[in-house]
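Trainee: Under the heading active site, proton acceptor, TrEMBL lists 67. Sequence annotations record features per position, and here TrEMBL assigns Ca(2+) 1 binding site to 68, 71, 73, 75, 77, 89. Taken from TrEMBL, the feature substrate binding site covers 164. The heme b binding site annotation in TrEMBL covers 195. Summarising the annotation, TrEMBL assigns Ca(2+) 2 binding site to 196, 241, 244, 249. Residues or ranges marked as disulfide bond in TrEMBL: 36-116, 69-74, 122-318, 202-230. Annotated site 'Transition state stabilizer' per TrEMBL: 63, in sequence order.
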């Protein structure tokens, strides 16, 4: 597949893959057509600039959307800072010192508010930014369904409960995905493919490389390399995909076939066999199959329990509940 020019801010042509209709009819691709027609252009340009400045930011913005949707639905709750009366999700174990990109979201929100005050939710900004991040780094594009509103609260407890762990086996991953309504192995395996770019800290996979007895599902040479890198400390970061770490492609699945998945939860998709291993083989051999499945699953994930209509609010600042609401 011919590589796309990665840092093209203009992005004049998008190809759209068709996915199943969403369960929530209020979410539509043209939700802001009349109220904020410039929103997609604004998000696109700021995301492209952020990725041009630091390629890893694309993966970070995709992860923000994922971690938002898995906790109480796609409602922007992951963006809320702690206050005297609210303990947010940023300090939950899966997020602490790990989630990134909040400053990029702040920049997007400020620009969108200047163009269309009190109109576009932070939850929708996350959904658009995730799509644009994938496309900018070589992946597919799709028509993002919009119309979500922002939550008035967040839950550190639910973040600790519902977000998948990098140490999970397939059965646990299935349970985590099913708990938020993602019940197919296609959803599980294709969304895990988001690890085809970005980085992970050594602490997220240390049992895999330092176990006694050794983990038999990791290539010995890869294990040796990782041990050498991680000797610098648990917070040292390593590319999730060692072959094409800054490109959204099918390389993640090819790595799993040769026991070079970084996280235990990634390698388990192949090493435990069954239908997840079959999908790993399919996506490794046919990138278009991965892209199609990923788009469908991203739309499914984006439809997890959105706030709509008059529920929630449109935050002016993604980090805090609007003052008039907070004072009630």
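The backbone N, Cα and C atoms fix where each Cβ goes, and this holds for glycine too.
I'm curious about the neighbourhood of these features; can you describe it?
Mentor: Its Cβ placed at the centre, residue 67 (active site, proton acceptor) has 22 other Cβ atoms within 10 Å.
Residue 164 (substrate binding site) is surrounded by 20 other CB atoms, counting those within 10 A of its CB over all protein chains shown.
Sequence-distant neighbours of residue 195 (heme b binding site): residues of the same chain at least 6 apart with a C-beta under 8 Å from its C-beta are 240, 241, 252, 262, 263, 266.
Within 10 Å of the Cβ of residue 249 (Ca(2+) 2 binding site) there are 21 other Cβ atoms, across all protein chains.
Within the same chain, residues at least six positions away from residue 36 (disulfide bond) with a Cβ under 8 Å of its Cβ are 112, 115, 116, 119, 120.
In sequence order, 180, 301, 302, 304 constitute the residues six or more apart from residue 69 (disulfide bond) in its chain with CB-CB distances below 8 Å.
Around residue 122 (disulfide bond), the C-beta neighbours below 8 angstroms that are at least 6 residues distant in the chain are 76, 79, 105, 109, 150, 315, 318.
Cβ environment of residue 230 (disulfide bond): 202, 206, 209, 236, 238 lie under 8 Å away, each six or more residues apart in the same chain.
Taking Cβ-Cβ distances under 8 Å and a sequence separation of 6 or more, the neighbours of residue 63 (site 'Transition state stabilizer') in its chain are 99, 100, 101, 194, 198.
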Trainee: With residue 196 (Ca(2+) 2 binding site) as the reference Cα, tell me which of the binding-site residues 73, 75, 77, 89, 164 is the closest one.
Mentor: 164
Trainee: Going by Cα-Cα distance, pick out whichever of the recorded positions 74, 164, 244, 249 is nearest to residue 68 (Ca(2+) 1 binding site).
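Mentor: For residue 68 (Ca(2+) 1 binding site), the spatially nearest of the recorded positions is 74.
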Trainee: Which of the binding-site residues 164, 244, 249 has its Cα closest in space to the Cα of residue 77 (Ca(2+) 1 binding site)?
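Mentor: Of the binding-site residues 164, 244, 249, 164 has its Cα closest to that of residue 77 (Ca(2+) 1 binding site).
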Trainee: Show, in sequence order, which residues other than 68, 71, 73, 75, 77, 89 on the same chain lie with their Cβ within 8 Å of the centre of the Cβ atoms of the Ca(2+) 1 site.
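Mentor: Everything else in range on the chain: 67, 69, 70, 72, 74, 76, 78, 151, 154, 155, 158, 159.
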Trainee: Out of 164, 244, 249, point to the one nearest residue 71 (Ca(2+) 1 binding site) in space (Cα versus Cα); all of them are binding-site residues in the record.
Mentor: 164
Trainee: Of the recorded positions 67, 74, 164, 244, 249, which sits closest to residue 89 (Ca(2+) 1 binding site) by Cα distance?
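Mentor: Nearest in space to residue 89 (Ca(2+) 1 binding site), counting only the recorded positions, is 67.
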